[in-house]
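J.: According to TrEMBL, the feature transmembrane segment maps to 30-47, 59-81, 101-120, 141-158, 199-226, 238-260, 272-290. Taken from TrEMBL, the feature domain 'G-protein coupled receptors family 1 profile' applies to 39-288.
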Amino acid sequence: MWNASLVTTFFLTGLPHATTLDTTLFGLFLLIYVLTVLGNLLILLVIRVDSNLHTPMYYFLTNLSFIDMWFSTVTVPKMLMTLIMSSGGGAISFHSCVAQLYFFHFLGSTECFLYTVMSYDRYLAISYPLRYSSMMSGRTCAFLAAGTWLIGSLHSALQTTLTFRLPYCGPNQIQHYFCDAPPILKLACADTSAIEMVIFVNIGVVASGCFLLIVLSYVSIVCSILRIRTSEGRHRAFQTCASHCIVVLCFFVPCVFIYLRPDSKDAVDGVVAVFYTVLTPLLNPAVYTLRNKEVKRALFKLRVKVTCSQSN
């Protein structure tokens, strides 16, 4: 699969920052990571135990929480090691770098496709409320979710294959806090222009295509909402979609900034990447619990159950 490479170990330089901030940044990102994992686990638990949340919307949200939990796990622990260990913390073997790149793009692209499916689900729920349950059946939900995972894995396999089929025989310092295609390709001992263009087009088609479909879904949703006669109905419909829009923007804007602009700058890319690798996975549980009455009601019921079981 890969061309012969002399490099057996890469070194991640980590986030660009003053060394005096190592401990502060370590504590901050560790806290965010713990909250991300616990928050997404809590969403998985609440949806699992509350039968009122066994709907298509929360089925897709379960997939999103699972992805976000592991998406953060792929990159953040290694970033923490580069912050806390003065020497050797950024070392990563060649094959571990391959695995990190694959799982990063696998989970990231799957999340991208999942956002598109979720917008389509909201479109059906608001535009066709009477036919929604038959149109978005359990089999349809499973098919759509499986499709996002399958296409995401194929997309990532292409990215990984194109990146590591080149020889790496000299420099081994990756100007980033995780293994990603743009900074890795800069270390290749061969012409990368053709592969960079293929990767650029590949990511561009996926990102722009998904974003366009999401925008079209929400334009249709807004048109349907404006036809709702009661102000309470319109408010509820807008509230249902607002949380999804917030998370989508926080995910797509940094991705487009990093991958779809011609002049990539390592330092800037590293800082911007924090938004969708560290902060967006945390936003998922925060937005969907703080802005969602059904989830807050389910959390309250779960807390009451736990309290009653402890008192007995």
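Every residue gets a Cβ built from N, Cα and C, even glycine.
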J.: Cβ under 8 Å, sequence separation of at least 6 from the ends of the transmembrane segment (59-81): give me the contacting residues as numbers and ranges.
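T.: Result: 12, 14-15, 26, 29-30, 32-33, 36-37, 40-41, 43-44, 47-48, 89-90, 92, 100, 103-104, 107-108, 110-111, 114-115, 117-118, 121, 141, 144-145, 148, 177-178, 277-278, 280-282, 284-285, 288.
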J.: Hey, which of 101-120, 199-226, 238-260, 272-290 has the most Cβ-Cβ pairs under 8 Å against the transmembrane segment (30-47)?
T.: 272-290
J.: Using a threshold of three or more Cβ pairs below 8 Å, and leaving out pairs closer than 6 in sequence, do the transmembrane segment (101-120) and the transmembrane segment (238-260) count as in contact?
T.: yes
J.: Take the C-beta pairs under 8 A between the transmembrane segment (199-226) and each of 101-120, 141-158, 272-290. Which stretch has the highest count?
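T.: Most contacts with the transmembrane segment (199-226): 101-120.
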